[in-house]
Each structure stands twice: as structure tokens, then as C-alpha cells.
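What follows is a set of notes on a single structure, which appears directly below.
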Amino acid sequence: MEPSLLMWRFFVFIVVPGCVTEACHDDPPSLRNAMFKVLRYEVGTMINCDCKAGFRRVSAVMRCVGDSSHSAWNNRCFCNSTSPAKNPVKPVTPGSEEQRERKPTDAQSQTQPPEQADLPGHCEEPPPWEHEREPLKRVYHFTLGQTVHYQCAQGFRALHTGPAESTCTMIHGEMRWTRPRLKCISEGANSQAPDEAEPPESTEAPPGSGTFLTTRMAGTTDFQKPTDVVATLDTFIFTTEYQIAVAGCILLLSSILLLSCLTWQRRWKKNRRTI
């Protein structure tokens, strides 16, 4: 087989999938006196398999995989003790459980979230695995199309001016979270006047905001203080970097096609001379 064809196959199966990955690179918006829930996870969502001190994760991440007819977490998170005297723990099969709050620093809301449904193409919250580092501080890598639902914390009530949810979507060529139209005020406070303009909420989580998708860089595509150095399935998709990666993929594809054409033309001319 020609070297150019080998390079082409390597490009298609290795390089291209990494270039087209669609991941949300920002945290969901942070609202004052409110918290958000994730009722269902889109296919492609990843969760870091983090372990307590003294334990080492076997798998780096757990990924939601499937299609419109069936979806499930394709991996098991479990932790092995770093001490040879201890036996490895038994893995926990991912499954559904009651949804937890993403911000334990905020009190539990008195408003019940929308009822969770088992829909194809989505994964539910997996249960904690044994020796998990902090079940309430899991690091998620959301994908395009993910929606989170907001509700006011206990002691606050909502002034709805629109949908109390945020969705990761493509806006002007960039993946961004839509702004939830929710304002939470104290239960004893007077309602806001209808004509009073509500200040826009930031779509970026400020430092110490309580969202547990903290990263080394701004975004949800990095890991939260890993306890061991493991090659992971990070999706390094940021606005500028994503465009550069796509341009690089196109350039590499063009170069390989050109090399293939030149090789085929050279072989064709050589065969004609021999005839």
C-alpha cells in the first residue's frame, strides 16, 4: 500500500475525530442566590473519575455514549488503593439516582425541579463510586446542546422574566451558554417593578462562584486538580484554538490529497512509459 494511503487512513481515524469534537468550554452562568441542576446529560458528556487521597483511579473519565434509541455511561469509575496491602475496590455500574445539587454552598431550593424522564439519547446522573473524592464536586465536560435548569435557593423566591434555564449553543460561530432569565430575591423583599430593567447576569463563572467545574483554564474541558498524572480524553476546544485546529485539519487534509494525486500521477506516467 502506498505511503500516502497509509497517511490518509491515519488522518481519517486519528486526527479528524479530535478536530470535530464539540464541547462547551465555559461554565454555565452563575446566578446570585440560585443554583442549577442537570436533569439529563447529552451524549458525549464526560465525568472525571476522581478518587480520595490514597487511591488511584483506573479510568480517567466516564463518557455518556449511545444514539437516539439507547444511551448509557460506557465506563466504570473505580479506585484502587495505592497501598499494596489493600484489595482493589469493586466497581460500581453507572445507573440512575436522585439528582443532586450542583452547588452545596447554596441551600436546597424549596421549589421542586422538573420531573426527570428517561429519554433516549441522554444519560442520567451516575451513582457515587466507592472512594470517590467528592461526589458533590464532580467535574463535568458538557457538550453542545446541554441544558441546565436554575432554581432559587431556600429563603429566596423567583421573579421569572423568561425561561430559568441555560443551554450550550452555537452563537456567532462560538459555543456559549444562553443567559437564564431568572432573578431571585428574599422572600420578605418587595417584588421588582415590572418596568425596572434587570441587570444582565454574567455568562462566566467568577472565582469562588461555587460551580464545581473548576479548571486550570477558563472552561469545563480541563480536569480539577488530578491526584495522578493520567493521559485523559480532554477536549481542548476554545474559541481561537478551535478555529486554528479546524484550519490545521483542513490544511493537512489538502496536503494529503495533493500528495496522493502526485503519487498516483507519477505511477501512471511510469506505467505508460513501460507500455
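For all residues, glycine too, the Cβ spot is worked out from N, Cα and C.
Here Swiss-Prot annotates a disulfide bond for C77; of C19, C24, C49, C123, the partner residue is C49. Between C79 and the candidates C51, C64, Swiss-Prot annotates a single disulfide bond, the one to C51.
Note: the domain 'Sushi 1' (22-81) comprises 0 helix, 26 strand, 34 coil (DSSP; helix = H, G, I, strand = E, B). N80 (N-linked glycosylation site) counts 15 other C-beta atoms within 10 Å of its own C-beta, drawing on all protein chains shown.
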